[in-house]
Amino acid sequence: MVEKAGGLLIKYHKIARISLQVGNSLNWCLLGVLTIRVYLYYLSFPKDKRWNKVAVYAMYCIELIQTAIVMVNITVMDPNVDFPTTLVVPVAGGLAALIAQCLYANRLQILIGSRLLSWSIRVISVLQFLCSIIFTLCLGFIGKFLPSKIFAILFRTDKDIPTSGYVWAGLSAICDVSICIAMTYSLLKGRNVIISHTRRRVVKLVRLVVEAGTITVLVNISVIALLSTSRSTGSSHIVPMILISKIYANSVLVLFNNRKIHGENDNRISVVVVPNTLQFAARTAASSACSEDLVSHGPRHQPCRNGCEVEKPLPVLPPV
């Protein structure tokens, strides 16, 4: 019996070390991608809304802190000093999801004009963040706030994982699915009234929303699956827990940076989004056509080819 227990401890410790190494490596890769995207955002949108800037830079600071703490703890891998990783990983994931999902909710309120839907998403997002905090506190209470015991619960699965961990990942997945469906519906609803050039941009935005939502949902489902099978898979669930915050941050930056269109000429289509409808206006082409008709047409207040009314200057009177 003692030999069996010792074998399980060795197995769980090996799985924990491999999981932390894999999670840390992928975490650094995603941090590099996020850094590039934050820099592109800084260059492309220097006059963006204040709250957008606060959200982007706050998420980046959270990811820097989370990466540093995970890196320090993986180099030590000591149960007596691994307490910060246990605290940071769930809370960082819940906080990043809260910021991203609230940003999506604001976009939905603008596109659809439904306050009920947007506030429902915000409430679910706040609940998943609270569950991530409760999950961390439950780990502390079960382990009596001793680093070695908390390490045993999270990495060696000596005791059952708290139920709040499942609720946290489940609520986050439900929120992501709702956002993905609502944004796809709102964008595709006005697809038939858009000209071909703008339609390509809308289709690209729909694809980005669907891809980002699918990835975050799959990661949250993997957290639930690995938590429920932790007796056999050990601490493999720590890998998606480490990565989930980076995935949310990158998805937000992808959608923000997609607003910038590089290499576009002056004859561009300007998009005006108002609640419950999409209006599109071609400004430059119409103004240039009106300028040509101003020279060619004779009578005053004669309409041009585009339906605009142009006014010819009054004739100059001869000197008396």
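Backbone N, Cα and C define each Cβ position, glycine as well.
Small disclaimer: the values here were computed from a predicted structure and weren't measured.
What TrEMBL says about this protein:
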type     : residues : note
DOMAIN   : 172-260  : domain 'DUF6534'
TRANSMEM : 25-42    : transmembrane segment
TRANSMEM : 54-75    : transmembrane segment
TRANSMEM : 87-105   : transmembrane segment
TRANSMEM : 126-146  : transmembrane segment
TRANSMEM : 166-188  : transmembrane segment
TRANSMEM : 208-226  : transmembrane segment
TRANSMEM : 238-256  : transmembrane segment
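The largest share of C-beta pairs under 8 angstroms with the transmembrane segment (54-75) comes from 87-105, of the ranges 25-42, 87-105, 208-226, 238-256. As a summary of secondary structure, the domain 'DUF6534' (172-260) carries 78 helix, 0 strand, 11 coil according to DSSP.
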